[in-house]
Structure formats: C-alpha cells, structure tokens
Amino acid sequence: MNVQPKASHYINGRFVEDEGGRALDVLYPATGEVIAKLHAATPNIVELALEAARTAQGSWARMKPVERARILRRASDLLRERNAELSRLETLDTGKPLQETLVADAASAADALEFFAGAVQSFNGELVDLGGSFGYTRREALGVCVGIGAWNYPIQIAAWKSAPALAMGNAFVFKPSENTPLTALALAEIYTEAGLPDGLFNVVQGFGDVGAALVSHPVTAKVSVTGSVPTGKKVMGVAGSHMKHATMELGGKSPIIVFDDADLENAIGGAMLGNFYSSGQICSNGTRVFVQRALHDRFVERLVERTKTIRMGDPLDENVQMGPLVNGAQHAKVMEYIEAGKAEGATLVVGGNAPSMQGFDNGFFVEPTVFTGVTDQMRIAREEIFGPVMSVLSFDSEDEVIARANDTEFGLAAGVFTRDLPRAHRVIAELQAGTCWINAYNLTPVELPFGGYKASGIGRENGTAVLGHYSQLKSVYVETGDVDSPY
Ligand code: NAD
C-alpha cells in the first residue's frame, strides 16, 4: 500500500519538501507497514509557513464575511463529494475502521466548514447607547493562528480548528500529529481548490519540537492544541510567556453514571460507544462507568454479551467494527494498563488480550476490555488509558456518585443515564465537566460547544463560542458632541 503525498508540507497553496528534516514514516496500524515517508519541518519550513500566513492574512480579513463563507462552503461540498477516498486515507493513517471514518471524520470536517460559513455572517459586535454619544464593538481577527493536532481524529481536528479561524479572517498553520500526517494535506488541497487564497491554510509536519517552534514564534497570535494534559501544560506555559491566546483541548477520565431506573440497553450502548469507538482513543470517553448497585449485575451480564459480538479485524472491511490502536507505543501502554488492572485486583470480565489475526500479525490490536470491581484509587480508574478499556464501578446514592465522579483532575465530559429527568438535570448541574450528555454519549455536533473543565482544557471548540476564541474585541467610542476638556 502506498499513499505517498506529493510532498511533506503544504505552504502558500503548494506542496513543499525539505529533505533536511527528520524522517517521519507513516505506518498503517493494522499491518505495521510503511505507507508513506515524510520529513519533519526544518526551521526554514516553519518560517516559510508562518510568513506565507502573515502575508495572506490582511486582505483575507478585509473581505466580507459572506465572501469568506462562500469559499468555506465550497470546500465543505468538496469534502462531502470526496468522502469515500478521504475516509479510506483516514483509515490507513489511523487504523480506524472504514465503518467509522465514512461517517465521523471528513463528514464532521464538512459539517464544521458549512456551519462556520453560516455562523460567522451573524457574529457581529454590538452597538452601545451612551446617551447621545454611542459606542460599538468590532470582532477582529487575531492574525496568524496555529493548530496542533492529536492522532485520533486528524481531519476533523484540522477542520474544527481551521474553519472557525478562517471564517473570522485569520490565517492558519496546522501541524498534524506525527502519527497521522496525511489527511490534513488533503484538506489543504481542497481549500485551495475551493478558492481559498494561497497562504491562508498551511500544513507543516513534525514532532513536538516543530509544534514548540510554531507556538513561540513572534508571528503566531494564537495556538489551539488537541493533545494530552502534559503537552497542554507545556504549550500553555510557552503561550503565556509570550502573551498569546491559547485554546487547550486535552485528555480526560470522564464518568458515565447509570442510575437503576435507566433504560438498560441504551445505557450499555452509550457505555460501549464511550469506551470502544475508535478503539477507545477518544478524549471524551466515559472510562469510569458508575452503575447503581441494584442494576449492576444485570448491566455487566448484558455488557459482556454485547461486547463479545464486536467484530474486530481488517479496517478496510466495512463490516468490521473495531480496528487497531494507532501504533506500537500506544499498544504497549494499553496492555500495561490491563496488567495494572489485574495486579490491583480488578476483575477482568471480557477481553484483555492482544489478538493476532491472519494477515494482520503486526497490527496493534487490543480486544475490547471490561473490568468490574474497580475502586476509585486504582490506576485504571484515575489515569487516561486511551484504549478500549472500560472500568465498571458500583454506587449507592446520588450524592456519593457525584462526589466520586468529580474526584479527578480532569473535567472534559460526563454522561448520565436515567428515566428521571429532574434528577438527570440536577446531577449534570453538579458535575465538573465541560461537555455533558443525558441518555446519550459522545455525540459532538458542531452546533454545540465542546471542551473541558479543570485540567482537561481552556477555551472551547465549536458552536458560536469558538468564534469568540478566534477573534479579539475592539471597543470604539463615538462622540457626537464637543470634547468636554477642562484645559
Ligand atoms: P500528545 O500530547 O502526545 O500530542 C499532541 C500534539 O502535540 C502532537 O501533534 C504533538 O506533536 C504535539 N506536541 C507535543 N509536544 C509539544 C510541545 N512541547 N509543543 C507543541 N506541540 C507539542 O497527544 P496525542 O498522544 O497525539 O493524543 C492523545 C491525547 O490527546 C489524549 O490525551 C487525548 O485525550 C487528547 N485528545 C483531546 C481531545 C479534545 O478535544 N479534548 C481530542 C482528541 C485527543
């Protein structure tokens, strides 16, 4: 399999290579084979990308929002037309099954472009009556914004960040995860084809050092990172020391609370989606599943039955529901957590193995895994695993489960399953999490803001909220009388 792009980087509307950069091999996670060979950005590539963005940004910001929107909408249409080929590329890059990428990746990117094309046209400042004189506010672009991506949703992350940034009149430089560099390049070509002027969306490849160089560069006005909490802390520190705007979309250890009056099959479906989709590599996953004691045993019995039916295998087979993890390091990390769960005394009720499948002997597969008898202090209940490992914990009362759910440094997401809607709203109001679901889990429509409390994040993506995070507010006082000067 070979999906070699024309070059590693995309700057000023064209592909650019610099073979002086560190080698960056792209693996197909299902087989471990190298499917593309790229180079990380050199300092020269970083300069070229930021300079292209800086040069292009001013005239883009002066265009009418409706004109910028027209280009974004065209790009959205192209994403939808090419969904099949983009989904295949995303599957090869990430290992996620085609069954998922066909509906959740380029399609979600297209939604973002379409939504922000519309939203920006009514995202205006306000007129303030000052009694004769008046004031008004303008929402102005920040300038050059940098996006840094994780490897679980590569094209979605690139679009969730660049669409609102571009809509507001910013220029963008995106650094994909070093594990999944391919689909951002495809997005860049689509933007150009849709009519985006050169220099407004650039892609540079690289490891953490390239991300750091982009963040600390004087041209960069803002950075938005999707990644782990330790990376977020580093980037936030650098951004703070240069007084730059920053948005952090980081990790989690989110709770799903299942009360004993919940619809059992829906609650189990939500818990499975919140632990096994994308092989568990989702930041908002509800990896601590608290089940009220009276329902616990029935919940576990059906959960195990349903988990055993998950079809794992060739990600390019549309009947397959679960693929491998992204790489060998992540595979080793997840297997280590499974061993830690056993060693700490949790009960492994299903999964736990790294299966070897014919034709995929070198793939990074881990079975969907469920532990019961998990207690709050175990590592598997406290640390983000980022793999298909669910911990089931039991609880008795509402107050108890709220306190335990909140007892974590993270605060990305939370879910509540119950038929008692007053209770659902009461509990959600007490949970320290930025993104919550009632009787659902992990749905992230672009219309609704997404992001975390506590260590899980700062700022928001999506909704009209994100347009505020990609703009700065200018206040203008307009005097309609004489200047009242004492001098
Ligand atoms: P990571 O933190 O290892 O890397 C994220 C990105 O940051 C990569 O592109 C990496 O090259 C870059 N980076 C690393 N060090 C840097 C530095 N010092 N300066 C600038 N950039 C640097 O994360 P990952 O392993 O790619 O992704 C998994 C993590 O991402 C998990 O913790 C997951 O929860 C989180 N995540 C969060 C969201 C969200 O929206 N909240 C979404 C997806 C993933």
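One-based numbering along the chain as shown.
Using the three backbone atoms N, Cα and C, a Cβ is placed for every residue, glycine included.
DSSP gives K161 (active site, charge relay system) a helix state. For K161 (among others), the entry in TrEMBL reads active site, charge relay system.
The active site, proton acceptor annotation in TrEMBL covers E249. According to DSSP, E249 (active site, proton acceptor) sits within a strand segment.
The annotation active site is assigned in TrEMBL to E249. Sequence-distant neighbours of E249 (active site, proton acceptor): residues of the same chain at least 6 apart with a C-beta under 8 Å from its C-beta are S224, V225, T226, G227, C283, F450, G451, G452, G457, G459, E461.
Under the heading active site, nucleophile, TrEMBL lists C283. In the three-state DSSP scheme, C283 (active site, nucleophile) is classed as coil.
According to TrEMBL, the active site, charge relay system annotation covers E461 (among others). In the three-state DSSP scheme, E461 (active site, charge relay system) is classed as strand.
Sequence-distant neighbours of D93 (K(+) 1 binding site) (same chain, 6+ apart, CB under 8 A from its CB) are V3, V26, P154, T180, P181, L182, T183. For the recorded site, D93 (K(+) 1 binding site), the DSSP three-state label reads helix. Per TrEMBL, K(+) 1 binding site is recorded for D93.
As annotated by TrEMBL, NAD(+) binding site applies to G149, A150, W151, K175, P176, S177, E178, G251, C283, E384. In this structure, G149 (NAD(+) binding site) belongs to neither helix nor strand by DSSP; it is coil. Note on G149 (NAD(+) binding site): other Cβ atoms within 10 Å of its Cβ, all shown chains, come to 29.
Marked as K(+) 2 binding site by TrEMBL: K454, G457.
Looking at the domain 'Aldehyde dehydrogenase' (15-476) alone, the prediction's average pLDDT is 98. Annotation source TrEMBL lists domain 'Aldehyde dehydrogenase' at 15-476.
Taken from TrEMBL, the feature cysteine sulfenic acid (-SOH) applies to C283.
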Using a Cβ cut-off of under 6 Å to any atom of ligand 1, determine which of the recorded positions D93, W151, K161, E249, K454, E461 qualify. W151, E249
Let me know the DSSP-derived helix, strand or coil state of K454 (K(+) 2 binding site), please. helix
Site extent for NAD(+), whole Å (max Cα pair distance, G149, A150, W151, K175, P176, S177, E178, G251, C283, E384): 23
Here the 10 Å Cβ neighbour count for K454 (K(+) 2 binding site) comes out at 18
By Cβ count within 10 Å, point out the most packed of the recorded positions listed: E178, E461. E461
